[in-house]
Amino acid sequence: KVYGRCELAAAMKRLGLDNYRGYSLGNWVCAAKFESNFNTHATNRNTDGSTDYGILQINSRWWCNDGRTPGSRNLCNIPCSALLSSDITASVNCAKKIVSDGNGMNAWVAWRNRCKGTDVHAWIRGCRL
């Protein structure tokens with residue numbers, strides 16, 4: 001599923017991401033835009049053999065199990081396929097674990113490069129939330 005900007009913002013808010021660990025909703029919407037272009041089915045293979053999955057491009061080396069990543073830790077205790085669902089609950093729950101891990105949203109390269117230090121409120125402007 002490809003989410004609309006405000007549709008995604010509303011879903012993320014409902015699932016408790018607004019100001020989770022101090023990151024406003026705009027940060028999460030911005031991250032999703034530049035990680036997956038709001039597409040829940042996005043997958044990208046990394047040079048180390050791991051794969052990033054879903055709307056927030058969660059990595060199989062650490063966070064989920066895809067059965068093909070050597071030494072996978074599966075810290076979110078989920079199959080990576082769960083991160084490709086049109087229902088973003090699994091992605092959000094795992095993202096909460098990731099952002100609590102010490103590096104905050106710096107764990108997402110696209111957030112660090114495209115969202116950090118910008119006017120992220122623009123990503124939810126005009127949305128009925």
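Each residue, glycine too, has its Cβ placed from N, Cα and C.
Given the structure is predicted, the values throughout are model-derived calculations rather than measurements.
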The residue that Swiss-Prot pairs with CYS64 in a disulfide, chosen from CYS80, CYS94, is CYS80
Answer for the disulfide partner of CYS127 (Swiss-Prot, candidates CYS6, CYS30) is CYS6
Listed in sequence order, the recorded positions within 10 angstroms (C-alpha to C-alpha) of CYS76 (disulfide bond) out of CYS6, CYS30, GLU35, ASP52, CYS115 are none
Within the same chain, the residues at least 6 apart in sequence whose Cβ is under 8 angstroms from that of CYS127 (disulfide bond) are ARG5, CYS6, ALA9, ALA10
Rounding to whole Å, the Cα atoms of CYS30 (disulfide bond) and CYS80 (disulfide bond) are apart by 22
Candidates GLU35, ASP52, CYS115 (recorded positions) passing the 10 Å Cα cutoff around CYS80 (disulfide bond) are ASP52
When the disulfide-bonded residues CYS6, CYS30, CYS76, CYS94 are compared by other Cβ atoms within 10 Å, fewest goes to CYS6
